[in-house]
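The next block holds one structure in the form of structure tokens; read it before the comments.
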Amino acid sequence: MQDRILIIEDDAETAAAVAEVVAELGCEAHHRATLDDGIAEAGAGDYRVIVLDRMLPGGDGVAAMARIRTAGSRALILVLSALGRAAERVEGLEKGADDYLPKPFEPSELRARLRALLRRGTMQVLDNDLLAFGDLEIRMKARTVHVKRSHVPVSPKEFELITYFARNAGQIVTRMQLLENVWNLHFDPGTNVVDVHVGRLRRKLEEAGSPAIQTARGEGYIFAPLGAAG
Amino acid sequence: MSEAPLRARATLRLAAVMAAAVALLALLAMGLQYRLVETRLMQAQRTLLAADLDGLAALYDQRRIIALREAIAYRAAAPGGEMLVLLDRQGKVLAGTRADWPEGLVAQGQGFTIDPAQEVALDGARWLVVARDLPGGFPLLVGRSLAPVDATLAALQRGMLGLLAALLLAGAGVGWLAARWVMGRIGRLNALADRVAAGDLDARLTGPRSGDEFGLLETHVHAMLDRISNLNRATHRLSDTIAHEMRTPLNRMLQKLSRVEGQDDLAADLRAEMRQAIRVFDSLLDISRAEADQGQGGGLVPVDLSTVAQEVWELYEPLAEDKGLQVGLQVAPGVQVLGDRNLLAQMLANLLDNAIKYCSAGDRLELQLAAGDPALLRVIDTGPGLPDGLKDAAFDRFTRAERDRARGIQGHGLGLALVRAIALRHGARLSLPAVGQGLTVEIAFPRAPGEGGVAG
């Protein structure tokens, strides 16, 4: 069965762009243009993800998240808003959004984030101690990484980085996602700081014989330890 | 309150001038009175002397020298405030209240008239005397002591000096009281101005307002503050609206750009350019928001600055190492400040990013955080430092050194402006200590309230 994604957005063009990304992911897009319609629809249909604008006819999307929950929806919520400054993003996340993407956004960024949200609902294995991808093994409790049975020394940050990659294995992960989830920073530093960290981790893995991290040109990185990019 | 005497200088000066003026007027009035009393007392002594002379003249008319001699001898037996001396032709004392003729005193004229009289000092007292050479060669001296006059005048002087001192004291006291009162009234307004300058635009004076000029001043200041608050709110609304209205078209452009096919490099370049434009735009909005929120405690929570510093340092350290910088981190643990974690991280990121951008291989980059009140955060580098003349403007918006443009260093000149805005938002003081080489940025954070003692 196709996953259903609800788009609550008053700008038709943006809604169309989001719908296009949703279609690319193989999901079914439904669009509502006002907050009240959106909340009603969220309660009625079984949605996996809701893409929610903030400044909508009828009110602020972030303030309406509680109403969406009250309406009975258990969908994950991605706020997509022109109110994109760090403080507003943090506010949105604190008030219960599962992700927050500022406008203007690039379709690839939205795609990566929607994928991550769609996966989140299905992944339960992560609580296990061992994450194994062929000959690459990550032990959560011991916080160690092994490639072909040999230990790869990683810094604590690099360990968090590789676990985030592992959680989104096979998916494109953007630099912004890494900054937000690994470093908990909600601003765009505008330099290649993230690249340096990923580059170091990537070299360590490659020296141990695992080309697990690949660059997705112009979009971010992809963790594909088994060779096949999703 | 300890500063009040200094601040009240203008009022005190006014009070001092007024006290001096009152004292001067009083001095003039007392001087006049003194002259008047002196003249009157002298006249009284003169009248007494004239009466003595009249009496002696009557005796002389009856029996000449003999009568005078008897009368003087009689009066010398009970000496009072008078001086009488009568000599014979050889200068021998016939009768008198004293044993000799005062030295140097020259007899003038022959009659018993009061004029000419002379003032002489004898035995430490002043005397008003009339010296005459009576017909036949008998010098006569008649005098009245001026001691009562001098005593009265001296008493008067003492009284006046005391009064003057009392006046000066009272003037100073009244001046001090007036200064205190005015300072009390002005102090309210000053405290309000300080709170507003510190960023609390909604601060107002409470309590009843008097109907005097101070009350009027308070009313005017309140009206002015209301106007500023309204303008500030309007600016907030405007920047939010701009953010929204500009992002929507940019959004559409990005969507359409993703549909361009076959020109991936160009599309990527355009995307990067647009991201840069959005970043400039976000920075500007962040700066104005942080500046507008300056000094307002709202939205700030206790943040472990040590942890934030460590995290941001970890993010940037590899970048610095890759560039060949020598790096050092000295962060005291557990330094708490009232802040916004994300803003603080952004501030640190901008400072480190800036330092790394300008330093070249071999330079040193250090991040220090010292506990205490204030907690001191320092970003130290041994790079090229700031060009002369740019120190003051370095933290203004869109300030970029000419040499950066020449060297092709990328930037929009907003990084340090945002650093300053964020520092001010946290009530922190930003300074550039003079250093031998490179640039040191120092930010002094006030200690978080409720944190006991020095964090450590």
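Using the three backbone atoms N, Cα and C, a Cβ is placed for every residue, glycine included.
Summarised by DSSP class, the composition of the domain 'HAMP' (B:180-233) is 39 helix, 0 strand, 15 coil. Under the heading domain 'HAMP', TrEMBL lists B:180-233.
Here TrEMBL flags B:241-449 as domain 'Histidine kinase'.
Taken from TrEMBL, the feature transmembrane segment applies to B:12-32 (among others). Sequence-distant neighbours of the transmembrane segment (B:12-32) (same chain, 6+ residues past either end, Cβ-Cβ under 8 Å): 5, 160, 163-164, 167-168, 170-172, 174-176, 178-179.
Away from its own ends, the transmembrane segment (B:160-179) comes close to residues 5, 8, 11-12, 14-16, 18-20, 22-23, 26-27, 30, 34 of its chain (Cβ-Cβ under 8 Å, at least six residues beyond either end). The feature transmembrane segment is assigned by TrEMBL to B:160-179 (among others).
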